[in-house]
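Trainee: Before we start, here is the structure in question, set down as structure tokens.
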Amino acid sequence: MATVKKDDRLTSSQSSLCVGFAGVFSKTVTSPLEVVKILNQIGTFHCKRGFVHSFVFICQNEGLRAFWKGNMVSCLRLFPYSAIHLATYKNIVHLHIDELGEISQWRAIVAGGLAGISAALATYPLEVVETRLIAQNCQEPTYRGLLHSLSIIYRNEGLQALYRGFSLTVLGAVPFSVGCYAVYVNLDKLWQERHVRFTSLQNFINGCLAAGVAQTLSFPFETVKKKMQAQSPLLPHCGGVDVHFNGMIDCFKQVIKNKGVMALWSGLTANTVKIVPYFGLLFSCFEMCKQVCLYRNGYIISPLSYKLKPGVDQSLGPYELQEFKRYLRNRKSHETQSSSLGNRW
């Protein structure tokens, strides 16, 4: 998957801030595509006439703000998800690195999948709330915000409703990891050079390609999961789901029986269109935020460029650099005082 590259010149809090800000910005900008994707997966009436018509229909029936339904919950979920994912990934990788401190691409991808499952488990109720907020008509809402949604779902449907469909996250991780691995093991052949020499643009293309293949393979599991999250007998039209079912396996059967096999990939167009702008905004926004932090830390001469500051050792960490600057200031001050004292004598 495409990920932002760690820079040791940033503090841990600065790295988290840059990743968080980039994630929130890219999610917010591409939210209309996410809304259309999820509504297609659920099978609501908005999406009966295809991808393009979905935008027109949503706008006519619910207004422009409908394209950002659930976006705040999605952005809030990003922070605990990222923190848990990163911590779990580091711990798993640490168990599998060899004596040279390296890990195979396959094991790294599996570690990423396991870390994703762990993070999803901890934040799954927020994903359910996001799906319910997107599925409802914002002109006649059943749920009003995160806390209200959690309390209503828990009170009326029980705790299990907040984890309905989670098993599909685990099942979907298998084809997702296989898709990532299939792309990454062929990158050397694709670019006809070793992966250590890839440019930033090549890495961006690789990330988008891996995301596209992996998400396409795991999309049927994601579609059924969204239907299970949205369906509720307490909601109008059972949450807008286009088939009625009892459990995961019955959902697969009903979708194939009533809508055909290809219905399991409903919303794939919106998802595919979203990949490039999402990762493009994620990378560019992260780099802009990173430049500001590097400028504040004293590594570059301007927050608008990556031109290095003369005389600054770029291998030093931010705290080491600050300590070194403090040492130079104290030394200069001591030399000035000694010179002043010598002139008096």
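Glycine is no exception: its Cβ is also placed from the backbone N, Cα and C atoms.
Sharing the record's features from TrEMBL:
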REPEAT    14-95  repeat 'Solcar'
REPEAT    103-190  repeat 'Solcar'
REPEAT    198-292  repeat 'Solcar'
TRANSMEM  161-184  transmembrane segment
Trainee: Please spell out the DSSP helix, strand and coil residue counts for the repeat 'Solcar' (14-95).
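Mentor: Final tally across the stretch: 73 helix, 0 strand, 9 coil.
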Trainee: What are the helix, strand and coil residue counts for the repeat 'Solcar' (198-292) according to DSSP?
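Mentor: Computed counts for the repeat 'Solcar' (198-292) are 78 helix, 0 strand, 17 coil.
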